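TrEMBL has this to say about the protein:
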COMPBIAS  844-871  compositional bias 'Basic residues'
DOMAIN    670-803  domain 'U3 small nucleolar RNA-associated protein 13 C-terminal'
REGION    832-871  region 'Disordered'
REPEAT    56-97  repeat 'WD'
REPEAT    98-132  repeat 'WD'
REPEAT    140-183  repeat 'WD'
REPEAT    184-225  repeat 'WD'
REPEAT    392-436  repeat 'WD'
REPEAT    437-479  repeat 'WD'
REPEAT    490-523  repeat 'WD'
REPEAT    532-573  repeat 'WD'
REPEAT    574-615  repeat 'WD'
REPEAT    616-647  repeat 'WD'
Amino acid sequence: MASVSLKKSYKCVQSLQQFYTGGPYAVASDESFLVCACDEKIKIVDLSNASIKSTIEGDSEAVTALALSPNNNILFSASHSRQIRVWDLSTLECIRSWKGHEGPVMGMASDASGGLLVTAGADRKVLVWDVDGGFCTHYFKGHKGVVTSIMFHPDPNRLLLFSGGDDGSVRVWDLTGKKCLSTLEKHQSAITSMAISEDGWTLLSAGRDKVVNLWNLHDYGCMTTIPMFESLEAVCIIGPESPFAASLSSLTYPQTKKRSDVPSINFITVGERGLVRIWSADRALCLFEQKSSDIAVSSGDEESKRGFISALLMPASQELLCVTADQQFFLYYPEESEGSLNLVLRKRFVGYNEEIVDMKFLGDEEQFLAVSTSVEQVRVYDLTSMSCSYVLAGHTDVILCLDTCVSSSGRTLIVTGSKDNTVRLWDCQSKACVGVGIGHMGAVGAVVFSKKQRNFFVSGSSDRTLKVWNMDSVSDNNEEVLTLKAKAVVAAHDKDINCLAVAPNDSLVCSGSQDRTACIWRIPDLVSVVALKGHKRGIWSVEFSPVDQCVMTASGDKTIKIWAISDGTCLKTFEGHQSSVLRASFLTHGTQIVSCGADCMVKLWTVKTNECIATYDQHEEKIWALAVGKKTEMLATGGGDAVINLWHDSTALDKEEAFRKEEEGVLRGQELENALIDADYTRAIQIAFELRRPHKLLELFRELCRKNDMDDQIGKAIKALGKEELQLLLEYIREWNTKPKFCQIAQYVLSRAYSILPATEIVEVPGFKELLNGLIPYTQRHFNRLDRLVRSLCILQYTSAAMSVIQPEGNEGKLEGKDAKLPNAADIDELSDITSVEEEQHHKELKGKNSSKKRKNKSRHSASKKVKGGD
């Protein structure tokens, strides 16, 4: 068998994050990005793949209004703090901010020139601001309630402003005369949306009173009222160049009487029913209505239905963008087929996924990802655009688990288990439920397809039972939902069943439970084979090895274990997670393991050595879901932070990158040596900076300090540095300055940098304050050391001067005259020999004196003893 190349690293290549939690949003005029409110933050989202381009931190208050300038360079925002902010999108910095309303700002809009901003507040006021100056130019009062919608007249030559409030009135304001031209009162409820016709002389207003009113802007009279039979949230006028207009022109409609006093305008409405409808104003006729809503609703309760909350026609493509109450963006495009109009849902972006509990790759090519969140539907994502392709709805409670497979006939199937105690089988081609399994008495927490035959699946529930379900009755042309039958049932555990796994040959199934055990059962009769006991907490994940007769378990006791199927003994234990291990799966033909857990970590293990070779931290909450691609071994992780991360194997790329960097480093090192040979120190220092070699740089500066023209050489080298290289130089100087051996070079280079470069350029270096704080203490220490040295030298100089004045005793005759010579080295040696002889003789004399004193003392002592004896 050929050796298997182990994976050493994974890289997160795509990430689907939450970017919209409801509220205001704005679309760029070129449709390149979308600006959304996400709690107190503002997310800028790429419309091509739903990736977050950047995030603007708010003021810890929920965002209430957003608007973009016509050139997409400036963003206006407001929050519950009543603060109005102006953001430069190129730098993501707040240019200006002010407060003007006494209550939250409920809406804002920019005029065609981008110089004026209008804000509508809950304080019943409408204010117009000069963007550059930040001052109020117009102050309008008159509404009796909260101002809910605001807009400028699209014609820049007509300085008119329209505002709608929850008092049911629309007011027209003249910016030139600074007065209210007219109050349009026809609605009985809050105004939710307004639109102006292409010619600029007709105003459409929609409200929650289920009607649309058309107003003549010549005399501000109401031309007609069209009943909608639903609470409306948005109205959009279809322009002559819109693809909707082209599709409508080729269709035939029932002959109805046209009103000559009403202009021929077609418009789109959306509302609480979740349907897109197209209307003719002069006929008061609904030209098109969606057959069914694309908003997935599980139960039949009317209160649970969530419709659209907003809609607009995209500025460039004129596609219809609709926003739902559950934070989804639908992008519709009209399509004509067989003489009728059809709305194609081109993209669906999910702004908020809630907690992700399970996910699996879909199909042979693994281009789709099936995701179950804390809702009643399964969302299938296209991994190319990261948009939600379709939704499978049918469960009446939260879906807890799912699995996918491709049947022997080529059908892509999904099985789901839910809190409604049922399992459902879905066909991805028809996007419909083809079978329902009823029989569990508790929530279904685990489901798994067979691996080989793919004609059955197994489910485990909180009722502690396992069930094997037969799929033979499900055919390719089923139009009705079949009731699935259970082939076998067994009471498997003492507590909830958390996970299931089927052996590669479909002969065994392993179940993991909250009772801290895993059990292996023989299929199809579910006879117990062996029980795996050894974990100290509940088991969250089980999986059979693809090559060996063993099974892997992951537990809440922070460990992963591999067990022998034959006798149930534990073969290996992997420790390293800081919290519960929630998912684990085999990689690289069973030689590696990937795991994730409640510590927000993804870990890569080698089975043979029990070693964790890589750890990744890309989540902020528990990682509940882990999917491994069978073909590409691509990883997908998701958890409590509502983020889906896609991981690709980057081992080969990292190896190539390391080899390329090493090769480039060798070539650049040779260039450095050549520059040194040519005495081109400026070039050598530049290369040393590029190679990040501080020790070589120190040697270069040390070499320059020995040159006669060191000031010019170091000056040239410092002048040639960029801002990033200057920051590196200061960091290196900070490190060199900590050592007395190198501090002289560091201080000299620093002084040259301060004397050559302007102060403004040095101050603008990133992190200059921290670098300066690191330089000052050691510089002060070096100064104190030098100060002590200078003082010691002064004492030494004074002592040496004093010694030259005082003449030693006994040598008066040796120094004759002022010009007496100092002794040479031979004289000093001779003098030292004489001194040593004299010291030796003196030592002997002292020793003789001491010994005589001892004898005298001894004789006196003995005499005293004799006297005492005589007495």
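Each residue, glycine too, has its Cβ placed from N, Cα and C.
Sequence-remote contacts of a segment are chain residues at least 6 beyond its ends whose Cβ falls under 8 Å from one of its Cβ atoms, and for the repeat 'WD' (437-479) they are 397, 400-409, 411, 413, 415-425, 427, 485-506, 509, 511, 513, 521, 523-524, 526. Same-chain residues lying 6+ beyond the ends of the repeat 'WD' (490-523) with a Cβ under 8 Å from its Cβ atoms: 442, 445-453, 456, 458-462, 464-466, 468, 529-533, 535-544, 546, 551, 553, 555, 563, 565, 568. For the repeat 'WD' (184-225), the model gives a mean pLDDT of 94.
Counting only same-chain residues 6+ beyond the ends of the repeat 'WD' (532-573), those with a CB under 8 A from a CB of the stretch are 495, 498-504, 508, 510-520, 579-586, 589-590, 593, 595, 597, 605, 607, 610.
Using a Cβ-Cβ cut-off under 8 Å and counting only residues 6 or more beyond its ends in the same chain, the repeat 'WD' (616-647) has close neighbours at 7, 10-18, 352-361, 364-366, 369, 371, 373, 381, 383, 582-585, 587-588, 594-598, 600-604. Only residues 6 or more beyond the boundaries of the repeat 'WD' (574-615), in the same chain, are considered here, and those with a CB under 8 A from a CB of the stretch are 4-10, 537, 540-541, 543, 545-548, 552-562, 621-626, 628, 633, 635, 637, 639, 647.
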